[in-house]
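Everything on this sheet refers to the single structure shown next.
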Amino acid sequence: MALKTIRWLLWVPLILFVGFVALVASGLVTPSTHEIRSQLIGKPLPDFALPPALPAKPGLARVELGQGKPRLVNIFASWCVPCATESAQLATLKRAGVEIDGIAIRDRPEDLTRFLGRYGDPYARIGADRDSSVQMALGSSGVPETFVIDGAGVIRLQHVGEIRPEHVAGILAAVEAAK
Amino acid sequence: MTAELGLAALWLAAALALLQLALAAMALAGREELLNGVRPVAVVQAVLALLAFAVLIRLFVVVDLSVELVALNDASTKPLLYRFAGAWGNHEGSMLMWVAILGLSGACVALLERRLPERTLVATLGTQAAIGLGFYAFLLFASNPFQRLVPAPAEGQGLNPLLQDPGLAFHPPTLYLGYVGLSIAFSFACGALLTRQVDAALARAMRPWVLGAWVFLTLGITAGSYWAYYELGWGGWWFWDPVENASLMPWLAATALLHSVAVLATRDSLRAWTVMLAVVAFSMSMIGTFLVRSGILTSVHAFAVDPRRGAFILVLLALYIGGALALFAARAGTVQEGRTFEPVSREGSLVANNLLLSAILGIVLVGTLYPLLAEAVTGEKLSVGPPYFNAAAGPLALLLVTIMVAGPLLRWRRDRLAALGRRVALPAGLALAALIALLVAAPGVRLLPLLGLVLAAGVALGSLAPLWGRNLRRTPMFTWGMVIGHLGVAVALAGMASESAFTRETLVALAPGQTAQVGPWRIRFDAVEPIAGPNWTALEATLQADRGGAPLLLKPQARFFPSPPTETSEAAIATRWDGQLYTVIGKGDEAGRWQLRLWWKPFVTLIWLGGALIAVGGVLSLLGRVRRERRAAERLAWL
Amino acid sequence: MKRAALLLLLTVPGAALADSAMPAAALADTQLPDPAQERQAKALMETLRCLVCQGQSIADSDAELAGDMRALVRRRIAAGEKPEAIREWLVARYGAWVSYQPPLDAVTWPLWALPLLLLVGGAWLARGRFRRRRA
């Protein structure tokens, strides 16, 4: 079209292209993680009340969290392989005095009993989230995930994926900070 | 031994590409005696690249597991067709296929092109060699398809089952033919900028390549869309997924180029713009390939993802596109713009066409990249999907389709609006009638599909208008091509709008013997049986569909492939003249009921029929142009 | 994933699948009785992004979480909630990523203004090609 009249316009495509290359090059160098993080960090826990996942243990409701002491809420499932691998770290955290509650996603009591019998049971309470609705209310998108809730019921930390031995110190620090 | 033969051929082809580039550069720098050496080198390079590709196909067909690529992607249990097509169903093979086609096209240009000044042709072949060289380097240094594997395994790992499908076996080659055709247009554009010979002769030389590339892109996208429709099992035919957008962008640019080339060839106008589009069209192919291969964007269709290779492609892309755009910026200012014209004229409508196509291209490109941009700037993740693309590009597309009716009915240089009004009165009347009929018979259709249906009716009739009052037998073949291509757009639009407006969906869990209703169809669920195929096992449901008349038998499957372990859902689709019945079997429950997904999609097949018609239109135009040019050449020879 | 379980029995024993043994949530694959509500729910589901998939809407995904999200959408629509309120609820939890419809805000206004910018810019570029109509 009327490109002849305005010489500087001819350089616009090249400049746009350089911008494109810079953008995708930065995208290649620091690839985006596929992790979707909860937007509720620093905000109070939404209200919920889950029935007990096992007959012998109480369920989990919003009112039990934020009673003055920080707690961990561990979102897990018996059918999830990474959940089994973090059991040792959960036990370590429990020994360090951290109180841990569980939310069992889409789980059946008999599977859960077997799972806890095999990998240990660090939980004070376990709520049964049969259709992932509380998981979604928390902004969690997978299992396992672990939330640190402070004494006032505010979400302080979301740990996505299994807790590996190197993550324990960070989570302990977050619990300490939430006191 | 065979693998080494292929590797040797590939190295030799790369060396010849280097020679071709050097010869062309020296010839243009003043060593005129070298001008004649470039064409033969291009031909030999093509023969060697094709030989390397043939060797790879042979390795796949005989399942030579001592070659790493074969061991990773082939299996002796695979049917012959997929062993054959498996050669390009992977990253390395598909890149080899790309350079083979690139070489072949270069050879065709070298052997056939006689219209351009020799210097421009040599500059074109030099550009071609430069492109080829980058991809040879990519193959030889970062994706050697002939790498040996020691020790050889006893059996190969097979091909991604989603790719084991006749449609998909030929989908990548089709798209690649399109991309490579655009690379020729790119080379022509760069060659002409180098020798400052941008004129109608360039447009006439470029046009068959653009038309051919465009036909293949059209077929590739149409086939890819149909594949996604029946293979992904959710009844959708277009998701605005990054990979789909990546294939759409070159098509949009090529469609714009096709129309601006027509202006340049016929009226010697829009010179710099046409050259720009030729650069952009191939750039979009490369950017598309990069986006697909680098895994930089999340896609449902991402099969071959590797960031390291992504970096290599990015470097090539920066060199070629950046180089071409810099050349354009430096040289386009010296290109005379050619003749002017009035807004109401054939040229005016083609400028509007280019404007709208470019705007749609911009929307698709920016929309696809925007999540990346937003995350780089703000750190927040963002999704841009169908709600944005439909809202932003849909109205422009409908406007474009309307102009498509008017354009062919306008005269070159200048025309009168009143005269145009008389020519489109009948199609406009039909569109109005369709609007009234739809409002009465099917209230509640949403605005975009409603407009789509109304326009489709008017455009279908209007696209035939250039034939009115003509002797059909003496109408040139390229006019037929245009008419059929435009009719195809109307047909596809009708299918899209109808699918969007009238689809009926039923989700239901049935026990054997129970029935469900979807649209006019009564579906009876008879049984589920395990069955075994050549390299898979499946659960197959038997459904009987009935709407009066003979009942139809449908057998949707849930398939399992052991190598590599994958589950796929095979929809059973029954095609009737007025639509498709689409059935999928899902999970079973403890009560013995099975989840079924049932859709009745009236006239959905028109989408792909329209795509095929568009491609047929392209083929007719191509044949018509080639024939006319040959006749013109004969006349010249006679004089 | 009973289908998967059955298929595994048919073919290779012992492959690990990360899916629960529970059936899909009640409204994951069951339509709402009111067609108008189901249309609303379906339209919303087509614009919500599955959290665990590679770029699919929850309407087009076999993932369990997508099924649970579909159930959530249908449950809330059936309870009379507006589709945009449900979208906001999810965006408040997962961020704008979960919605295929980008919001209109400081970050995304260029995206929404793009069609107009392109058309105006293109028309400005093209204007020099046109010759004025001779009287």
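Placed from the backbone N, Cα and C atoms, the Cβ positions cover glycine too.
Summarising the annotation, TrEMBL assigns transmembrane segment to B:6-29, B:41-63, B:95-112, B:176-196, B:208-228, B:272-291, B:311-330, B:351-373, B:393-412, B:447-465, B:477-497, B:603-623 (among others). The feature domain 'Cytochrome c assembly protein' is assigned by TrEMBL to B:88-294. The domain 'Cytochrome c-type biogenesis protein CcmF C-terminal' annotation in TrEMBL covers B:314-625.
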Outside the transmembrane segment (B:176-196), six or more residues from its ends: residues with CB under 8 Å to it: 28, 94, 97-98, 101-102, 105-106, 109, 116-117, 119-128, 131, 202, 205-206, 209-210, 212-217, 220, 250-251, 253-254, 257, 274-275, 278-279, 281-283, 285, 288-289, 324, 327-328, 331-332, 334-335
Positions whose Cβ lies under 8 angstroms from the transmembrane segment (B:208-228), at least six residues beyond its ends: 105, 109, 165, 167-168, 170-171, 174-175, 177-182, 184-185, 188, 236-239, 244, 247-248, 250-251, 254-255, 257-258, 261, 278, 281, 301, 607-608, 611-612, 614-615, 618-619, 621-622, 625-626
Mean predicted confidence [pLDDT] for the domain 'Cytochrome c-type biogenesis protein CcmF C-terminal' (B:314-625): 93
Residues from the same chain, set at least six apart from the ends of the transmembrane segment (B:41-63), whose C-beta lies under 8 A from its own: 2-3, 5-7, 9-10, 12-13, 16-17, 19-20, 23, 69-70, 73-76, 80, 83-84, 86-87, 93, 96-97, 99-100, 102-104, 106-107, 109-111, 125, 128-129, 132, 145-146, 156
Long-range neighbours of the transmembrane segment (B:95-112), counting only residues six or more past its ends (CB under 8 A): 10, 13, 38-40, 42-43, 45-50, 52-53, 56, 87-88, 121, 124-125, 128-129, 131-132, 135-136, 138-139, 143, 145, 172-173, 176-177, 179-181, 183-184, 187, 209
